[in-house]
C-alpha cells in the first residue's frame, strides 16, 4: 500500500537529515572543514488512517568508497561496496532480518503477517518503504548536463546526459546534444544502451546484432548545456563505451558501469545499476526470499537537492529494464516514484563548497551503518572493516562490519536454526545447504528472476566470482 499524497519529498529529506544529525556518532562522520560524504536512508511509511501516516527511519548509511579486487576475501568478512546507498540497503536487510525474527517469535508488533505458502511471510499491507539519497546515484542516473549554477544545484533537469561520480570534478565545454538509442536484436530484446553521437553525420561502428531503435533529441531547454558531469567510472566490457568526445558527447548513457578504484579496479557495479536491479528483484536479496512470499519493493526514491534529471533517473532505475519478460510469480518491474527535495545535505560536497569555494575537500574515508535493531544498531567502517582495524587483526570476527556478507549470513542461519521442519519453507528444506552460495542458489524464484533480468537487460553485469561466495 502506498500512502501517496500523505508525505512530501521535503518531509522525507528533513526526517533523514534529522536522523543523521541526532542518531549517528561523530566518529565516522566527515570533518566539514576538509571532508564531505554522502548519505542514504530507508524510511518506513505506515498508514494509520486515510489521511495520516507514521514515518520513521529504519536504516541509514553514509560512505563514498569501494575496495579493489585485490582486497576481496573468500571469507565474506569485508565490505566490498561502501557507497551510502549500498550501506543503507544492507542496513535495511539487517532490519528486515530482525523483523522476521520477531514474526517467527509470534510477536504481534512486527512488519510481517503469515503468507499463504508454507514458511513464508508477507509485508503488512499498510507498510511501504521510501528510499532517500542525498545525491543522484552514481552511474547512469547521474549522467546529466551542466547548464547553469542555479539549475545544477536547485531544480530537476529534463535532459539525458552524465554521471558525476562520488569523487569526480566538473569540466565545461560546449557541443550538441543528440544521441542514438541502440538495442540488441531479438536474442537480447531487453538489452538497451544509448550512445552519444559524435556529430549528426557520423555513423557509429557497432556489432551486426545491434540495430537502431530510435533517436531522441534533448528538449530545447537543454540546448544551452555546456557539458556533462564527468566520471571516472568505466563502462563494463561488452557494453558500448564512452566516446570521450568534448562536452556533452563525452559519455555513453544507458550502459552498465563499474565504480572507480584508486589503482586497483573494483568489481562493484554502479549504484544506478544496483538500484535498477532492486526494482526487479526487490531490496531484500536472495537469502531473505526463503522467508518472504513476495519481494520487498521501494514505493519511492527521494533525492536531495543536487544535480538531478528526472529523465536520467527514470532511464537508469527502470526504463532500462522495461522489456524484461517472463519473470516468475511475485516478481515484476517496479516503476518506483522518483521525486526531488529542495533540501540540501549539510555534509555534501556542494553544500560545503558553497560555504567556502577556496577550501580543498576530500571524500570521507569512513562509512557509517545504522539499523533500527535493539542491539548494536551502529557500525563504523573504513576500508571494508571496523574502523581502527589493523592489518594484523584482519580475519578476526571483531573486525567485521555487522552488515558484511559473513555477518548477514550468520544472522540468517541463526533464524533458520530456530525454525522446526514444519515452519521452514520448501526452499529451506533442500538437502545439502551449507555455504552462503548454497543458500543463495536455493532461493529458486529469486535466481530465476535474476537470470531473466541478466539475460534480457543486463547481459554484461559483472558478478562476484563463485569462490568468494563459498564460505560457511
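Even glycines carry a Cβ here, placed using N, Cα and C.
What Swiss-Prot records for the Zn(2+) site is 83, 138, and among 235, 271, 283 the residue it adds there is 271. Annotated 1D-myo-inositol hexakisphosphate-binding residues in Swiss-Prot are 90, 274, 277, 405, and among 55, 56, 120, 440 the one listed with them is 440. Here the Cβ of residue 440 (1D-myo-inositol hexakisphosphate binding site) has 19 other Cβ atoms within 10 Å, regardless of which shown protein chain they belong to. Non-local neighbourhood of residue 90 (1D-myo-inositol hexakisphosphate binding site): 61, 369, 403, 408, each in the same chain, at least six residues away, with C-beta under 8 Å from its C-beta. For the pair formed by residue 405 (1D-myo-inositol hexakisphosphate binding site) and residue 83 (Zn(2+) binding site), distance between Cα atoms is given as 16 Å, rounded to the nearest Å. Each residue contributes its Cα atom, and for residue 271 (Zn(2+) binding site) and residue 85 (active site, proton donor) these two points are 7 Å apart.
Within the same chain, the residues at least 6 positions away from residue 277 (1D-myo-inositol hexakisphosphate binding site) whose Cβ sits under 8 Å from its Cβ are 453, 458, listed in sequence order.
Spatially close to residue 274 (1D-myo-inositol hexakisphosphate binding site) yet at least six residues away along the chain are 85, 86, 89, judged by Cβ distances under 8 angstroms.
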